[in-house]
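If you check TrEMBL, you get these features:
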- A:CYS144, A:CYS147, A:HIS148: heme c binding site (BINDING)
- A:1-22: signal peptide (SIGNAL)
Number of protein chains: 2
Amino acid sequence: MKKLVKPLLAVLLFTAASASMAQQAPKPEQVIKWRQSVYQVLAWNNGRIKNNVEGTYNKDEVIRAANAIAALANSGLGALYPAGTETGKGWRETTVKPELFTETAKAGEAAKKFITESNELAKVAATGDAAAVKVQFGKLGQTCKGCHDDFRKKD
Amino acid sequence: MKKLVKPLLAVLLFTAASASMAQQAPKPEQVIKWRQSVYQVLAWNNGRIKNNVEGTYNKDEVIRAANAIAALANSGLGALYPAGTETGKGWRETTVKPELFTETAKAGEAAKKFITESNELAKVAATGDAAAVKVQFGKLGQTCKGCHDDFRKKD
């Protein structure tokens, strides 16, 4: 299992980074701005799903939001954490903890859980089963919270 | 044609807004922050594809980036332009032009083109045909430029 998982995580986390950075390394502040933006976009879509599972359920809106979350989860977000971005300011000072850059196996596991649960949510959303979406949305939320607890400073 | 297109645009642009705003209207500054973040995430993925078509082509990275752009294009971005966000500060002062809120048919057409070309890019990216991706990436870029010219103030 380890043999399989480790290279997979490496691909998920670092391929995109090395591929694009060989050509043109963006400035650390730009990279931090991009990653801060990703979390805002995730939060927007997360909030939309929350509104739907707690209120009137609109299948299409949930599908759109879940697909956006999944596509971002699958987009190779590890590329947004290159060396040199442990501290610094994007839109604002980064809230990343230094542990994200040192506890790479643990961070990789957290990323993997987020990807898995996001993809599952997109699948469940497509069925339009509001109750099942609520359950899966809770599971996704746990992966967000876990990663924030371990790797994100409190505001 | 008009009969079909107009309701479709209305759905694309406004369904998400009305569905979630009925429950819990986010503050204008939060909405502006979200939409500014969306464009940063689009720019990040756009830059990755650009690097690939101009340099070493990595099929998987292009697929990930194109899928992220398409999912965002399909996510109902019109919801991020509710009344009350014509001016204001998210991460920074909005650069949207007032015309976006008044020339709604034209804005809808621009949104539709962006969605169409994004979805096409995701399809082409999946084939791994770098030359075809380059062509389609150019078409997508035209839709970005067109909308920026008409509806975005210069920095």
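Residue positions begin at 1 at the first shown residue.
Note that Cβ sites are derived from N, Cα and C of the backbone, with glycine treated the same way.
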Listed in sequence order, residues with CB under 8 A of A:CYS147 (heme c binding site) and six or more positions away: A:ALA110, A:ALA111, A:PHE114
Those residues of the chain, 6+ apart, with a Cβ under 8 Å from that of A:CYS144 (heme c binding site): A:LEU42, A:ASN46, A:PHE114
Packing count at A:HIS148 (heme c binding site) (other Cβ atoms within 10 Å of its Cβ): 15
Chain-mates of A:CYS144, A:CYS147, A:HIS148 with C-beta within 8 Å of site centroid, heme c: A:ALA110, A:PHE114, A:THR143, A:LYS145, A:GLY146, A:ASP149, A:ASP150, A:PHE151, A:ARG152
